[in-house]
Amino acid sequence: MADLHLAKSITLRCGLTLPNRLAKTAIAESIAPRNMLIDEGFHRVYAPWAEGGWGMVLTGHVQVDSMHLGTHTDPAVNADFSDDQIVGSWKVWAAVCNRHGTPTIMQLNHPGRQAPIGAGTSGVFAKNISASAVPMDIGSGLLARAVSKIVFGTPREMTVDDIGKLVRQFARAARLASQSGFAGVELHASHGYLLAQFLSAATNRRKDAYGGTPANRARIVVEIIKAVRAEVPASFCVGIILTAVHGSASTEEFQSFIEQAQLICDAGVDFIEISGGTFETPSMFIGPEKRGKAYDWDNQEAFFLDFAQAIRPHLGTVPLLLTGGFRSCHAMEAAVKRGDCDMIGLARPAVVNPLLPKTVVFNPEVNKSGDTKLHATRTPAPWYIKLFGITALNVHMDNAWYVGRLQTLAKTGR
């Protein structure tokens, strides 16, 4: 298996060397206690991933602001605790992750307008925050519109002071992660969360220095990267996850992405991960539609491979991590061998088998042909759920199997 491109090590710009090209990418664990710190449940979940032979493990998102959570069970930088208390909690987590030498990266996030009512300490009457006051659109039916209004509401546009506070929150969280023993952080600017809301012209309608042009919309992300770099050692890894956009290389949306990605590269990131989708259009779970047709699960994989191929020449030497839909060793090896991406990210298959690299991909007794399939469970929503007309609800019913698996592991250790 040593001749596989997937098995080759890679050294990131910060100097961090990953032993191979397989990354266990982020999936929300949904197991945090009410104090939002890390408990033994996280240790039980991450122990198998730590010994699984991954080149890199990315944690599920940790929210930088305890007032706003993506779910009621997200871990966060809790404002009620001191830096020492948070580091004390995170250090044990990092020690579990580092037990077998696997580089572990903490994903940092803020949900913005995708925070459901009551998630976090802001209170049920407080508005969500976003780049602009653009409400969620989770469906065209009356029920979908009602759910959107009740669960998410219309966010308020962030002030410049709010933006400065957010930059400091990301920088502080990164510093605490570094002090706790993590190898780096990944900034979450995908899946419709707050940083993605700033990057997108659809959700950022600001008229000030943080809106309008693609560069202005990326300004907050660039400022966060620079602020994080100022707080952590040069050897600390700083990555980012961005959203694949639709359309050909000639479209304005694609060109805007390239301009923003180049600014982000110049600001000093060590890798870029590509995924896709939002709560409104969750293509990270179901695959992107092509020409109006649903994703063909039987004959296609690698949801965002075409997009990765299109952007790869524009990213210079910054390594590209591609996540979403890979379900065979052959497809993963081919993507890296061709140079479409530098690393492959797996989330759902990593929940099914936390030891996947060791027991399957790099195991010559199992992966003899080089085209072994990866297992992932799909659980379509019942017909009566589909009647609600809320795509995200249908998809998250499918995702519930994986959440349940992690919750069971957190409780029992198996």
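Cβ coordinates are placed from backbone N, Cα and C, and glycine is handled just like the others.
Features as listed in Swiss-Prot:
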type	residues	note
BINDING	T25, A26, I27, A28, Q107, A347, R348	FMN binding site
BINDING	H188, A189, S190, H191	substrate binding site
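Recorded features from Swiss-Prot, shown on the structure.
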| residue | record | CB count, 10 Å |
| --- | --- | --- |
| T25 | FMN binding site | 28 |
| A26 | FMN binding site | 26 |
| I27 | FMN binding site | 20 |
| A28 | FMN binding site | 21 |
| Q107 | FMN binding site | 22 |
| H188 | substrate binding site | 27 |
| A189 | substrate binding site | 26 |
| S190 | substrate binding site | 25 |
| A347 | FMN binding site | 22 |
| R348 | FMN binding site | 23 |
Cα distance (Å, whole number) from Q107 (FMN binding site) to H188 (substrate binding site): 7
Other C-beta atoms that fall within 10 angstroms of the C-beta of H191 (substrate binding site): 22
Spatial neighbour of A189 (substrate binding site) that is closest, considering only the binding-site residues A26, A28, Q107, A347, R348 and their CA atoms: Q107
Any further residue of that chain within 8 Å (Cβ to the Cβ centroid of H188, A189, S190, H191) of the recorded substrate site: N109, L187, G192, Y193, L195, A196, I241, L242, T243, S275
